[in-house]
Amino acid sequence: MSSRPSSSASSRRSSSPFSAGSRRPPTSSSSSAGSYLTGRLMPRSYSTASSVSSSSHFFGGGGGSGGGSRSTTPGRRGSSSSSLVGPVPSPPSPVPFPSAEELVIEDTSRSGDSISVTIRFRPLSEREIQRGDEISWYADGERLVRCEYNPATAYGYDRVFGPKTTTEAVYDVAARPVVKGAMEGINGTVFAYGVTSSGKTHTMHGDQNCPGIIPLAIKDVFSLIQDTPGREFLLRVSYLEIYNEVINDLLDPTGQNLRVREDAQGTYVEGIKEEVVLSPGHALSFIAAGEEHRHVGSNNFNLFSSRSHTIFTLMIESSAHGDEYDGVMYSQLNLIDLAGSESSKTETTGLRRREGSYINKSLLTLGTVIGKLSEGRATHIPYRDSKLTRLLQSSLSGHGHVSLICTITPASSNMEETHNTLKFASRAKRVEIYAARNRMIDEKSLIKKYQREISSLKQELDQLRRGLIGGASQEEIMILRQQLEEGQVKMQSRLEEEEEAKAALMSRIQRLTKLILVSTKNNIPALTDTSSHQRHNSVNEEDKVSTSQDSSMLVQNDSATKDSLSSASPDAVDEINQLRCASGDHSSIAGSGPDEMQGGITASDQMDLLIEQVKMLAGEIAFGTSSLKRLIEQSIEDPEGTKNQIDNLEREIREKRRHMRALEQKLMESGEASVANASMMDMQQTITKLTAQCSEKAFELELRSADNRVLQEQLQQKNVEINELQEKVLRLEQQLTTNTEASPEQCTEHELHDLKSKLQLKEAESEKLKYEHMKITEENRELVNQNSTLCEEVAYAKELASSAAVELKNLAEEVTKLSVQNAKQAKELLIAQELAHSRVPGRKGRSAGRGRDEVGTWSLDLEDMKMELQARKQREAALEAALAEKEHLEEEYKKKFDEAKKKELSLENDLAGMWVLVAKLKRGALGISDLNVDDRSINLADITNGTKENKADKNVAVVEKQLSDNTVKSLTAEEYRNPEFEPLLVRLKAKIQEMKEKETDSLGDKDGNSHVCKVCFESATAAVLLPCRHFCLCKPCSLACSECPLCRTRIADRIITFT
């Protein structure tokens, strides 16, 4: 869980990017060639006047549209839909901006309504201005968003708001129609979407100076209740968050990891806490309490960034009065504050990165759902891939009004993120909805349940009053008093309990009546009894409580009352309770008579009204005090900006406390006056009330006596059954005694002896099992230790085997090279032999022919013929010598090939011996434990690097000395005690020495300057080893090795190069 700071919603809202001033950058951008689509920025030159206008606060201006934020270019007209304009025109021709008619062609052809999509720009923040960001997107009129660098790229929406637009203007366009539809029984959803630090939370919640969508919607709901005569409303709220795909109840901190369920009306959260609200202040207090438990965190863009999605749900039930009753209408108003999507620019790590991944996953699923809904095809829609889309399934599927508010930043650094938000809004605009009113079955209607209970309780009171005379004479009063005194002795014990039950009944009627909010314009005659004046109080509170800032419904539930009174002065609360108890015996009962309806508000009504006023003021003082604390905490960062707010809050709190003290004084005076001026009619009504209570209690006593008779009959039946069971038990005991007397005592002793012997056997077995358990535990411990050592030895043997395999591979390559070379030499030898054989007959033939020709023509000179013959013999001898030399070379190559074959066979035998050794080590035999870790790494590197053959003899003595030292060091007494492994170890160490000599030769000759990896001999070297700085390994081998193959220095770090 992330840390939850104690700062509330107001401190977080004021630190949002909307509160930053919009100063102009010091320099203006210059035009450049290219376009946005080709990847090069093409900012237009703009002046300070034509760019985003400066303001001291984001909500300081009064413009409602986005057109005032910058001057419009000729040819730019507003539009109402969303569509991406086509290709970029050629540079020589003027840019043909699309018109509003072109952008709404697609939307006008659809039959159903669509999601309402509005765009809200925020100004450049201080950080963006200092960083030199420019305006990349801007509002072109009231319906278009256009790209600064490519004016042909434009999107059309229902409304576009510039940086100077207030939240109230956004609410009037985006949220007010949804709220009105919810009051008429149509479900509604309003949610803000955008990247992090774009102003979503500020738009939805706002602050003290400028409230957001949620406070404005709550205020609008209660104002619509006041303006709707003839209907009764019941309002409930719930507040939840989705943090890391886990649903938490913000109104109940214990409600964690709640589950989503589904019924006929849609999806709902199981176990969510719902609170009945009766005023805007009451609802806002729940929001403030929930914000204290919401997950927030800091990133590069925002100090208090939302780390979870929140859904504030307002459930509205309404029905008409009396004969005009047409059923109960039920609707839900969802006000959603989504967490911002995050990119790599936030540079979050650890928990923040994990939170961001969950946020991006849920928003990606939301985008996928919107995209599939906008296509209009019957495809699978992945609502269940995220908790957010699962809860929004009913809203997104078209069963209510949906309003999407996309908050975007015009900064060029967030150009791509803003473009993605605009494309998401464009897809959402194409989703069709078909909203309809909801009707609720009476059995599931909470307001109807309260009404039925109230009517039943009122019928009971009417039955109690029936037959009583409204006015009585003094004689009748005295008779009644005497009768009461006579019956008081018998009913005293029962009367106290019945008084408590009666008080609970009256308080329930009062509380249920308060929960039903009625308009002040309702002209229907008031109902009788206590519910009439309570409803009158709940309706006319705005006129009576003139000093209270909350000008809506007055009544709060009991839990909220206790919480609000706890923040007031304890002495005042005690005095109020004492006065109410003192006057409650007279004035509370007197208010239920028939004269109350004619005479207006009684003393009890006045005291109740004063008490409720004190409660409301105490709650407002507590809320103002918490807001003042948050502002004081925030003033550390911005003391000048919050000083005025702190002064205003302190002034309001002092005024409310002074007004509360005046009300407490008035309440004390009215209580004393009510006690002193109790009239005779109040006494008569009290007597009639007590008489009715006595008759009621007598009736209940008769009922209980009847119940007692039934219980006595059941008790008698149970007594009969108990007697029968007791008789059975006695018979069984007698049979048991007879059986025990008949059995001899010797049998008992024999059984005892058997039991003792069995017990001894069990004890012996348990001891044996304990001993075996201890033995097995020790063996297990030894086996674990032996297994660890064997694992180390097996790992070392595997390393040796892998290095031997590499050596075999290299030798196979060398054998292949030698065979190829041998083949070439054989071919050359055959060619030379053919030439030699072909020249001798040719010469002889040519000489014979020539002789015959010469004999035929003239006589040859013998001396010349001898000289020619001698020369030919010399050439023949030279060719024979060359042929002999080639044969000698061929024999040498054959010898080398045979040696390589033998060497390969020897290595294969060594490898097989090592695998045999590994197998023996695994079976628990003695291992080669004398080779330490350093020798193993050295031997492994020696085997790996000793693959190239060279004839140089440099550094042989040094290598032999080092190898002999290592060999002496590795020999231990354990080896001498195990002669079975001595031949194998001798062969292995001889092989290591041979590999060492080869490695020394290769380092001394050409491998010292080679750029081939010294381990795999395949890849080029690409890593500089530290601290030895040798450039001798490729990247994979450098990561696998722990020591340098050249100098045996332990590798601390690597520098990977790409050559």
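Any Cβ shown, glycine's included, is placed from N, Cα and C.
Just so it is clear, the model here is predicted, and its values are computed rather than measured.
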Listed range which Swiss-Prot flags as coiled coil, given the options 225-273, 274-322, 862-910: 862-910
Stretch-averaged pLDDT - the coiled coil (435-518): 67
For the zinc finger (1013-1048), the number of residues DSSP places in helix, strand and coil: 6 helix, 9 strand, 21 coil
Binding-site residues (Thr196, Thr201), the one with most neighbouring Cβ atoms at 10 Å: Thr201
Coarse DSSP state, helix versus strand versus coil, of Val195 (ATP binding site): strand
Cβ neighbour count (within 10 Å, all chains shown) around Gly194 (ATP binding site): 26
DSSP three-state assignment for Thr201 (ATP binding site): helix
Surrounding CB atoms that lie within 10 Å of the CB of Ser198 (ATP binding site), all protein chains: 30
